[in-house]
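First the structure, in the form of structure tokens, and then the observations on it.
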Amino acid sequence: MSANQLLIGLFVVAIFTSCNIREPKVITVNGEIPSGAMGKTLHHEHLLVDFIGADSTGYHRWNRDSVVEKVLPYLIEIKEMGYKTLIECTPAYLGRDPELLKILSKKSGIQLITNTGYYSAVNAKFLPEHAFTETASQLAERWIDEARNGIEETGVYPGFIKIAVERGPLEEINRKVVEAACMAHKETGLTIMSHTGLAEPAFEQIKILEEYGIHPSAFIWTHAHNEKDIDKHFEAAALGSWIAFDNFNPDRTERFVDFAQQMKKHGFLKNMLFSHDAGWYKPGEPGGGSFRGFTDIENILIPALRDAGLSQQDVHQLFVTNPAKAFQVSKRLQ
């Protein structure tokens with residue numbers, strides 16, 4: 001083989017290799033982006049939530065122009081603080097509106113990520129009728145279809161799977177929804193975020209994931225701050241799960257700071273997620289009701305974390321590196 005032939009061969013191999021090494025991606029309401037382009041992120045917030053129930057909610061319940069007028073300033077506010085991405089966690093039958101999110105993303109410059117999946121907590125008030133009659137496999141097919149073909153006719157694709165379970169031991173309907181999420185994850189690689197709270201249902205869900213051959217790193221234990229036993233957080237983190245303290249307000253500053261310190265001490269800062277679980281426009285209330293903005297973390301929590309000894313690198317880990325890893329599309333199998 002001549003030197004020229006060798007060089008050509010190496011060039012072809014390099015081109016082939018580069019085309020087959022794909023940078024991890026996330027899926028926003030405007031399409032796929034590299035996970036590294038998420039930037040500073042709030043991983044659990046809401047722009048609109050409709051608590052009227054699955055049998056009554058729908059797009060007729062709000063006027064998009066009115067919602068945009070109310071919500072847009074809060075997104076611009078965090079954009080000016082340096083945030084680039086907000087994960088919008090409102091699921092179907094609770095006010096998910098992909099068209100609205102596209103409008104708000106375009107006007108604000110904030111990257112928004114929406115979801116597929118069902119919310120089976122609160123005595124299943126927010127589940128559609130078919131969720132009770134269909135199998136877990138049939139529910140999963142609905143969510144897989146949204147991931148492959150988009151939500152309704154909007155051209156918007158979900159970037160994660162959002163489910164919810166009751167605070168105690170899993171009920172049959174909760175288990176069905178978790179199993180459907182597992183099936184959908186195995187087909188789509190979308191992360192499973194579960195409104196959970198206490199440790200008992202969290203570990204039940206992790207066990208189901210493992211039964212389906214899914215690594216716990218595909219699972220976000222949402223509202224983990226409701227569990228007071230930090231050893232349970234350590235245990236779940238050691239398995240690889242994401243531990244989300246996601247209802248920050250100023251009254252919880254000390255608890256959130258202490259949690260971050262303890263997680264760092266035990267080597268689990270890489271498993272942590274912080275957010276406000278704030279917002280949101282409330283259909284049926286005058287002017288959309290009260291709206292809690294998304295600035296307390298930047299104005300209060302982050303300075304408190306720095307005062308407590310966490311470094312700028314630690315803060316970057318919490319609000320840039322971890323969300324990018326948590327929401328990247330990847331089939332996380334055992």
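Every residue, even glycine, has its Cβ placed from backbone N, Cα and C.
All annotation found in TrEMBL is predicted automatically rather than curated by experts.
Cross-referencing H130, H185, H195 against the Zn(2+) 2 binding annotation in TrEMBL, which names K162, H223, picks out H195. When the candidates D258, D277, D296 are compared with the Zn(2+) 1 site entry in TrEMBL, which names H44, H46, K162, the shared residue is D277. For H223 (Zn(2+) 2 binding site), the count of additional Cβ atoms within 10 Å of its Cβ stands at 20 [all protein chains shown].
In this structure, the C-alpha atom of H223 (Zn(2+) 2 binding site) lies 14 angstrom from that of H46 (Zn(2+) 1 binding site). On the backbone, the CA of H195 (Zn(2+) 2 binding site) and the CA of H46 (Zn(2+) 1 binding site) stand 13 Å apart. Sitting within 8 Å of the Cβ centre of H44, H46, K162, D277, and not among those site residues for Zn(2+) 1, are the Cβ atoms of E45, I87, E88, C89, T90, M193, H195, T222, D246, S275. The Zn(2+) 2 site, placed at the center of the C-beta atoms of K162, H195, H223, has further neighbours from the same chain whose C-beta lies within 8 angstroms: H44, C89, Y119, A121, I163, A164, M193, S194, T196, T222. When Cβ atoms from all protein chains are considered, those within 10 Å of D277 (Zn(2+) 1 binding site) total 22, not counting its own.
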